[in-house]
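Right, one structure below, let's go through it.
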Amino acid sequence: MSARGGPLARLEARITREWQRRGALAWALTPFACVFGLCAALRRTAYTQGWKQPVDVGVPVVVVGNVTVGGTGKTPTVIALVDALRAAGFTPGVVSRGYGANVQAPTAVTAASRASAAGDEPLLIARRTGAPVWVCPDRVAAAQALRAAHPEVDVIVSDDGLQHYRLARTVELVVFDHRLGGNGFLLPAGPLREPLSRHRDATLVNDPYSGALPPWPDTYALALTPGAAWHLDQPTLRRPLSQFANERVLAAAGIGAPERFFATLRAAGLAPATRALPDHYAFADNPFVDDAVDAILITEKDAVKLGASWRDARLWVVPVEAALDPRLIALVVEKLRGRSPA
């Protein structure tokens, strides 16, 4: 069975491939990358040199972000971090931009929210953690609104926002996948939003292929493990992935790095046909109606966008759990208890 994807998904895949090598296109775009890098450096310098002051929202902030474009595993990392902080005695809340949603003002996200109004990632975080989640393009405003509504919150986790320097932060965690920094060039010649040398408190690397870690200081492995699939229409109905081995399976993902999801399924012993959808795919209609398969495996991030009108009995959702290194958790807790936002 051949894999299909829309033009946008194919374009995203082409750009991603180009960003992994220093080909003619990358070199042709380096003048634009220099301009991008200068603008980014000036913006960061404005805060590091005191020309602009970051806003202290009154509690420590942990930023989980990346210096590259595309998915690296931030959302499961945020979920695992919220659980770890709660286990350490904190009362965490989460702020996010709400990418993909029409959000202009600080908005609370609950398990009953719609992805179109909250964003798929914040909605998934709210459902998985039960923590207070607020979204707004202005993360400072989101954090202030969260604190006003939930004064019991004593630490805020920012889902992405590494480059949102206006929000004062106590800890910065940068997440990479196996692609690391790609060709090492800044946008648009490469995938980097900032240089790889950018300071951070710790680096997490999610590499399902080799498991190797780069020789960077304070670097920890990030393991993402799939759980038993649950049925979209009957969430209490669960099946181990091994039970799909002898069925005709299509794996579909509208995430930043769909190939990583497909690799996870292959590592579990499946050989699915694959469908890469554009990141934050809206699922305005069912793209699977013509697929002659027994089961369709999708990500949790995609599942939150499928409402009650979806009645495709073939849809199964594969949850992913992030395992954080205990040393990383200890590092974060130590910094939260011993340092004020800066």
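Residue 1 is the first one shown; counting continues down the chain.
In case you wondered, yes, glycine gets a Cβ from its N, Cα and C as well.
Record features (Swiss-Prot):
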type	residues	note
BINDING	T68, V69, G70, G71, T72, G73, K74, T75	ATP binding site
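Everything Swiss-Prot records as a feature, shown here on the structure.
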{"residue": "T68", "record": "ATP binding site", "CB count, 10 Å": "24"}
{"residue": "V69", "record": "ATP binding site", "CB count, 10 Å": "19"}
{"residue": "G70", "record": "ATP binding site", "CB count, 10 Å": "17"}
{"residue": "G71", "record": "ATP binding site", "CB count, 10 Å": "22"}
{"residue": "T72", "record": "ATP binding site", "CB count, 10 Å": "26"}
{"residue": "G73", "record": "ATP binding site", "CB count, 10 Å": "26"}
{"residue": "K74", "record": "ATP binding site", "CB count, 10 Å": "24"}
{"residue": "T75", "record": "ATP binding site", "CB count, 10 Å": "27"}
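Same-chain neighbours of the ATP site beyond T68, V69, G70, G71, T72, G73, K74, T75, judged by a C-beta within 8 angstroms of the site's C-beta center, are, in sequence order, N66, V175, D177, G256, A257. Under the three-state DSSP scheme, T68 (ATP binding site) falls in the strand class.
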